[in-house]
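The structure under discussion appears below in the form of structure tokens.
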Amino acid sequence: MTLQLDDLRVRHLGECRYDSPLAEMLSTKQTSPHYVAEGDRVLLEDTVSMLAEHRLPPARVPSFEGAGPRRKIYFDPARVTAGIVTCGGLCPGLNNVIRGLVQELAVHYKVKRILGFRNGLRGLTAEHRHDTVELTPAHVRGIHKDGGTILGSSRGGQDAEEMVDSLVLRGVDIMFVIGGDGGMRAATYLSDAIRARGLDIAVIGVPKTIDNDLPFTDQSFGFQSAFARATDFIASVSVEAASSPNGVGIVKLMGRHSGFIASYAALAANGADIVLIPEIPFAFEGPDGLLAHVEQRVRAKGHVVIVLAEGAGQDLLDQPGPQRNGRGTDASGNVKLGNVGELLKERIAAHLAAAGLAPTMRYIDPSYSIRSIAANAYDSVYCLRLAHAAVHAAMAGRTAAAVARWRRRFVHVPLSLMTSRRNQVDPDGDLWMSVLETTCQPAAFGSQPDREKVRTGFC
Ligand SMILES: Nc1ncnc2c1ncn2[C@@H]1O[C@H](COP(=O)(O)OP(=O)(O)OP(=O)(O)O)[C@@H](O)[C@H]1O
Ligand SMILES: O=P(O)(O)OC[C@H]1O[C@](O)(CO)[C@@H](O)[C@@H]1O
Ligand SMILES: [Mg+2]
């Protein structure tokens, strides 16, 4: 199914009748390479051939509504209450987004009441709906220097109707949901339940996750900070491996079912011999299997460095059964991953010993170390600008939408699209080509069962 222009339209709560306090700032604004004027749109596709396939005039090809302040807004700032919640795994930049939201709401729109709901969407259940914190610029002044989230986060499913009751009881007009695929899914259910009740409450998602597994955004915030931190561990394990006879350095990195952190960290560290990601299955055995390649690298250079995405090789661990992997799911329904790092260590150590290359194994699993840090400079700016875009969207009455950066422009993406599929590394894309060019590893290790085609199109 090819996306059409109407698939990318964002819902508006109604006519914007109030003058925006930022209207004066907009008087001279027009579209340029550095600004998307009100009413203009950002193309979904950015190559001549992809655009030509539509055989449509520019105004009809799929495009996103540009983000940014509007001259007229839907809500009366003097009477608005905003709510903020952070959900799912921690991610560098969460506090930066909270700070940006509060600053833009309070300072520029003069919104007087901003409620922080605690510990993820459980903070919107009947049990916790009154345990909120009033957020003011003074309260959030220095939080951007800290990792984590001052509001707390959690996993688990909550009832949409119960959450809507909380918004009504607390008088919330705008709800900002900062979350990953799960959080965006929850925001979708929340806005659906609000619409079914005919309520005038805007729900705006701010996509978040170190995994970068969200579609329709160039990168999710926190991803750059996480993979930058991961390069430190790759550097350490490379030193250990290079300083030991038949050294084998392995770093296992987060990313769930997407291999972006492993791919980018390996490219940034630029010293890995092998990168293993969930999107590309691998076999241990056989003349072109992984073990033969590891042995060849150890014989050639005396050591080997492997960057392993935590979601790689799950098929080698999976047992048949209802959850496919037999390990069940977490409170949010995410499949629990098996420890492919342990399997890799065992198989490589045994193979090299049998080949007469007694190995020195060095294994690092940074785990939470790459996501509990503060945002780096890039993500700090990105988070602040996403927060500004989210406030402008909400005040202009947009809802059931996320703010995202798409081809360098800030845009509004319907939540239904944000949850339509998982963003994964395209085995036929240029990122993976760069990894192969850097590691000189083969495109595949061992004879592959038919690889589950990674859905990398727009839909
Ligand atoms: N299928 C779902 N239906 C309703 N709500 C959901 C669903 N999945 C997740 N949620 C809600 O979203 C919250 C966050 O989801 P999850 O724990 O999967 O993390 P996430 O938002 O995907 O972030 P990350 O991927 O960075 O960990 C959950 O606590 C739950 O409240
Ligand atoms: O926070 P938990 O429940 O330990 O889950 C860890 C998962 O969360 C993430 O950090 C973000 O989704 C994944 O990369 C990782 O697999
Ligand atoms: Mg997720």
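All residue numbers here begin at 1 and follow the chain in the order shown.
Positions of Cβ are set from backbone N, Cα and C atoms, glycine also.
Cross-referencing E161, E310, E437 against the substrate binding annotation in TrEMBL, which names T209, I210, D211, M254, G255, R256, Y368, S369, I370, R371, picks out E310.
With R155, G156, G180, D181, G182, G183 listed by TrEMBL as binding ATP, the candidate from G83, G89, G249 annotated for that site turns out to be G89.
For the domain 'Phosphofructokinase' (82-393), the model's pLDDT averages out at 96. The DSSP secondary structure for S369 (substrate binding site) is helix.
For D211 (substrate binding site), the Cβ neighbour count at a 10 Å cut-off comes to 30, with all displayed protein chains included. Under 8 Å, Cβ to Cβ, and six or more positions away along its own chain, G180 (ATP binding site) finds C87, G88, G89, C91, P207, K208, T209, D211, D213, L214, S220.
Less than 6 Å separates the Cβ from ligand 3 in the case of G180, G182, drawn from the binding-site residues G180, G182, R371 in sequence order.
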